[in-house]
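S.K.: For reference, TrEMBL lists these features for the protein:
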TRANSMEM  67-92  transmembrane segment
TRANSMEM  104-126  transmembrane segment
TRANSMEM  179-198  transmembrane segment
TRANSMEM  210-234  transmembrane segment
TRANSMEM  246-268  transmembrane segment
TRANSMEM  366-386  transmembrane segment
TRANSMEM  432-453  transmembrane segment
TRANSMEM  465-488  transmembrane segment
TRANSMEM  500-525  transmembrane segment
TRANSMEM  545-565  transmembrane segment
TRANSMEM  586-609  transmembrane segment
TRANSMEM  629-649  transmembrane segment
Amino acid sequence: MHSICELTEQDSLDDNFSPINRKLVQRSSKMCRGLEEPKLKSSRTLINLLTSKGSDMLLHTESFHHFWVSLSSLYGIMLVILMFAICLIEVMDNPVQLLSIQGIYLMYLYLGSIAVIICIYIWVLIDSCVSLTSDESEIVTSGSSSPGVFTLNRFNSLKQFSSLKRAHISRSKTSDTSFYLRVGALVFGLGTLVFNGLEMAMYSMMDISCLNDVIFVHPVLHGLFTFLQMHFLFINSQVLVEKFGLAARFGFMHLAATNIALWVRLVIWESGIEWIYFIHLAQTSNIIGMPTTTYESDIPTPLQLRGFPRFITTRHTRDINADYNGTLKNTVYQPVSENHVAQVVTLHQCLNTNSLGQLLTSSMPYLYPFIVQFSLIAAGVTYVMGQNVGVFQTKQSKREPKPLTMSKDQKDAQLSRLYVSQGTSFSGANKGLFLGLLTLVMVIVVVIIFLVVKDDTDFASDTLFWMTSTTLAAILSTGTLLGCVGLYQVRKLCHNGNRLATLDSMLATVSSAGIILYATFSIMVGAVGAATSTPGSSEQKVDTMLTAVNVLQLVQVAVQSSLTAETYRRSSWSRHQLFTKPGRQIITYLLCSNIALWMFDSFITQSWISQERQLRFMGLLSWGLLSRISLPLVVFYRFHSGILLLQIWQNSYK
């Protein structure tokens, strides 16, 4: 007798068969029974010969397959590194003018990506038009399909015309992209389009002499690229391209590299421009009676518009040193030439002389995570699609295992599963749901208070820090404890053989690395501050709390990632599991708490006021780079964890 936790292949076939496929299987089985045994053996021998010994000759249809795969990957890496080099060269002090090389390179990336997406749709239309003349009753079997499942290659060709998935491939050969991840790409893409709209409106009100014509075209091309990619990701992200392998690989790598390059540009360009403007403030400040330079104006600085702490504009005294006779030397902090500083100041004044420019600069801290999260999802999806190009030609055929018979216990569990899983039920999740909703409400209240009082000079900054830190510590502590309980409870579920898709595994690894990066540096800042501060002082308490919160962050991420990976591979198959649903309360709470933490990190953690300790310790440039790399990944980890937990909530307990 088989174990109740075992799911036979016959069960999966019964669940997946459509009425048409079931009839086809019955007919084929009757025909197969009528064949003579010698003919059956000879046919099996011929099939084994073709699929094993001759598989390389028959399936590897593209010449130099692995060579082109490696070359396309190197092409994508080269595009990203080239963007890094161009932005760094323009930001640093040298004769290169700002936005001169960068503008031309961005044009190449945008136009190339738009051309790739348009070409994909063009060959889909051509392929679909050809399918209109095909025989609708043509029946084929796919070597990579599920065992025994037949597909209709040209069935209902009018519907194929509107879908890339149906025009090229069957669903059994698609890459697994979560529907919720595609919805997230749609939401983040809308945020990116809002940024492009504000940028276009700002450029329309600018003086034409400020910037060249190439820069004015950038927001238009970026908006068009974002819109086309949004549609492509939402509708056709599960495609597996089997044609034009050479061109398709380079096309998908160009798309992935463009998305990563845009993130690299934001990190290098924004951090470098802020650092140079900080130097300008140091040179023009009146702290020692120095005359102000001609760069002074009534336009708010980018540091003020983006919500930096007030101390950042007055931190210049450490750069002024006295020599042995008491006279001042190095009175001006000047690591960059005056000419380069003048270029940055002129660019800032050009972009922020109108209200729309100031609005764009002020909203950048909130729109920046949307741009990065959309780029991260798009890069991950297009990279996986590029890796899967031509998989049908290179994938080895596998012999179908003999289906097992169902035991009586399995049949009873199957009936119980069908009975319990009808509709959406919150059984076994009520306590976790209400506790999670309470956490979500608490975070919403804290976020509202933070946004209202963060610019209020009468509100003590220490009070704001303790309010946000205590809230975050409480959520992380609760999530860690309940996650440990969940790891104990989910052991009662049965293994289902599932595993995370390549895309989900890659996104989870990258986003968790961002949290580790942010938390590790914050722990170092807090630990050093607590060790060097006066014992018992408020500064030491703040640094100790900063260290404790980030340690909790690391522990909670480790526990939650382990629970997610373990529960994703388990399901309910016995009557007891279906009715008790072990661990579902924990999964429900973690789902709500991750939504709450996504809001907390989006509005509070990424605010420069919440990073005051790190800014004081590491400086504007170094922490600006680290935060722009890690914080979008911190926010995305919460979003992606919510998607995985929602999939577990729906699939593992039905």
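Cβ coordinates come from backbone N, Cα and C, glycine included.
Note that TrEMBL annotation is computational and uncurated.
Mind running through what each feature is packed against?
M.R.: For the transmembrane segment (179-198), the list of distant contacts is 219-220, 222-223, 226-227, 229-230, 233-234, 237, 356, 359-360, 363-364, 367, 370-371, 373-374, 377-378, 381, 503-504, 507, 639-640, 643, 646-647: same-chain residues at least six beyond its ends, Cβ to Cβ under 8 Å.
Within its own chain, the transmembrane segment (210-234) has Cβ neighbours under 8 Å at 99, 103-104, 106-107, 110-111, 113-114, 117-118, 120, 182-183, 185-186, 189-190, 192-193, 196-197, 199-200, 203, 255, 258, 262, 347, 350-351, 374, 377-378, 381, counting only residues six or more beyond its boundaries.
Here the transmembrane segment (500-525) has Cβ contacts under 8 Å with residues 175-178, 181, 376-377, 380-381, 383-384, 387, 543, 546-547, 550-551, 553-554, 557, 561, 564-565, 568, 613-614, 617-618, 626-627, 629-634, 636-637, 640-641, 644 of the same chain, all six or more residues outside its ends.
For the transmembrane segment (545-565), the list of distant contacts is 465-466, 469, 472-473, 476-477, 479-480, 483-484, 486-487, 490, 500, 508, 512, 515-516, 518-520, 522-523, 525-527, 529-530, 586, 590, 594, 613, 637, 641, 644-645, 648: same-chain residues at least six beyond its ends, Cβ to Cβ under 8 Å.
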S.K.: Same-chain Cβ contacts of the transmembrane segment (465-488) under 8 Å, 6 or more residues past its ends?
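M.R.: Answer is 439, 442-443, 446, 449-450, 542, 545-546, 548-549, 552-553, 555-556, 559-560, 562-563, 566-567, 583, 586-587, 589-590, 593, 596-597, 600, 604, 610.
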S.K.: Would you say the transmembrane segment (246-268) and the transmembrane segment (586-609) are touching, if the rule is that at least three C-beta pairs must lie under 8 angstroms and be 6 or more residues apart?
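M.R.: Between the transmembrane segment (246-268) and the transmembrane segment (586-609), which are separate recorded stretches, there is no contact, as judged by 3 or more close Cβ pairs.
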S.K.: Would you kindly check 67-92, 104-126, 246-268, 432-453, 629-649 and say which stretch has the most C-beta pairs under 8 angstroms to the transmembrane segment (366-386)?
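M.R.: Between the candidates 67-92, 104-126, 246-268, 432-453, 629-649, the best contact partner of the transmembrane segment (366-386) is 246-268.
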